[in-house]
Amino acid sequence: MRVFAGIVAVVASLFAVPAAAQVQAPVAPRAAPPLVTDKENLWLLDLSTGGRVTIWLRPDVAPKMVERIKTLTRQHFYDGLLFHRVIDGFMAQGGDPKGDGTGGSELPNVPSEFNYLPHVRGSVSAARADDPNSANSQFFIVFQPRLALDKKYTVFGRVIDGMQYVDPIERGEPPANPSRIVHAYIAADNPPPFQPLPVAAPAAGLGAPVTLPGAAVAAPKPAVRTPAPAARKAAPKRQ
């Protein structure tokens, strides 16, 4: 009987080990996103295309990038910056003070916060260079889904109003006549209502140039073409 009892104990232990191995630590629940009415997490971009864009920020999935956006916005960093790289059917990229894709703020780079949010129409994501931890101030707004970018770039927000002002952003790499961020605000800071840019008055006609007797007319100098900028950084690749 003792031998039989020992065999039973050994067999029971063999079945018990896999069962114990299957026990896993509980998965931490996802943090709740902020309400879409939470003004502290609404980023407002007044664009030169004629209206205000409202972006719902997601500190629940990208707290460091959202904090960077808020900090720079409250420093008026984004006011006047242009969209320097705009690809039809893909995205509009901006947030570079140099205007050529190589610049950023003076603050340290933001580490990657890749998350489950997809790159769909209206998604707002952090632009970066090849280093996953090189996001800084640049961002891009997605025109059409680009799911190949998921978990490779940090999605930190979504356009919830004003996409009709994103769609007409001037295309080009760079655009010939780039669209701009006129002002950027955090809604909690009680910004003024959107104010359209004043329409520039046409220059008054000056008539034909006057040439004094005996004076030679100087020939116009040819335009000097500047060399193309170096390879751009912080640019999402087409995928």
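Even glycines carry a Cβ here, placed using N, Cα and C.
Given the structure is predicted, the values throughout are model-derived calculations rather than measurements.
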Segment assigned the feature region 'Disordered' in TrEMBL (from 86-107, 108-129, 218-239): 218-239
Summary of DSSP states over the domain 'PPIase cyclophilin-type' (51-191), given as helix, strand and coil counts: 22 helix, 43 strand, 76 coil
